[in-house]
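Residues or ranges marked as S-adenosyl-L-methionine binding site in TrEMBL: GLU66, GLU91, ASP118, ASP140. Positions annotated as substrate binding site by TrEMBL: LYS144, ASP176, THR214, ARG215, TYR216, GLU217.
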Amino acid sequence: MFELNVVSKKRHQLFGRRKGRNLSASMKLLIEQELPCRLVPVFESSVAIVEPSEWFPNKPSAVWLEIGFGGGEHLAWQAMKNPTVALVGCEPFLNGIASLLRHLSKIEGDRVRIYPDDARDMLDLLPDQCLERIFILHSDPWPKRRHHYRRIIQHKTIDQLYNLLKPGGVLRMSTDQPDYVIWILARITAHADFRWTGRSIDDFTQSRKDWPETRYEAKGRKEKRIPTYIEFCKPVEAN
Ligand SMILES: C[S@@+](CC[C@H](N)C(=O)[O-])C[C@H]1O[C@@H](n2cnc3c(N)ncnc32)[C@H](O)[C@@H]1O
């Protein structure tokens, strides 16, 4: 069985889970046969910076990143709707990775790479200005105050994501936890240069045509939790 720890030297402590219920035989096969060809190239400590557009056989028009893709429905939808774009997905949960691989079997072109581990380990190794879009949808809210340090959205992450975006690049986030909305907004508005793309409060409450509902969001909606959509961009004139 594929071992997840072959990918990188660990730099951060992962707080979420790596495994859920046992994988079905077909999911195991996907992990064994498909994941190795989809992996982000192995990062050795001697290889510091890797340009993600070079991970694909055909040069993509843009590279987008999704952190914590869950079952991969959103990532697969974006890959399907944007045939010239390449996507990199980070997700340590094996069952979610198997689910994404299943979705990818319906998508044309070799345009998706997977980092099956803590996204923060990969972010540390990417060069500045290599991404056009970053999605962090319904990241774990860690509701207990003593666990807030586990939230992926921190001042440091926001600074790092800003640097990774190209000028004009977009960071999309969502959550259905009101206190996490405040947390995220406090951190992104503290950044001197990130700009809100919205014009009215509707932009926080209404989804966009190119922003499909995720699995977690759909579950939350059934349980009467209301999502908030947060989109900020790096100004085109930024350097
Ligand atoms: C609440 S789920 C949301 C999944 C999906 N985005 C959705 O909306 O359906 C959060 C996901 O983030 C993943 N995750 C947590 N910490 C992560 C990290 N440091 N790097 C990458 N993924 C992470 C978890 O494994 C989980 O699948």
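Using the three backbone atoms N, Cα and C, a Cβ is placed for every residue, glycine included.
Sitting within 8 Å of the Cβ centre of GLU66, GLU91, ASP118, ASP140, and not among those site residues for S-adenosyl-L-methionine, are the Cβ atoms of GLY16, ILE67, GLY68, PHE69, GLY70, CYS90, PRO92, PHE93, ALA119, SER139, ILE152. Taking GLU66, LYS144, THR214, TYR216 as the candidate binding-site residues, the subset whose CB lies under 6 angstroms from any atom of ligand 1 consists of THR214, TYR216.
With a 10 A radius on its CB, GLU217 (substrate binding site) counts 23 other CB atoms from all the protein chains.
Of all residue pairs in the substrate-binding list (LYS144, ASP176, THR214, ARG215, TYR216, GLU217), the one with the greatest Cα separation is 24 Å apart. Annotation note: LYS144 (substrate binding site) sits in a coil segment as assigned by DSSP. The shortest Cα-Cα distance from GLU66 (S-adenosyl-L-methionine binding site) to any of the binding-site residues (LYS144, THR214, ARG215, GLU217) is found for THR214.
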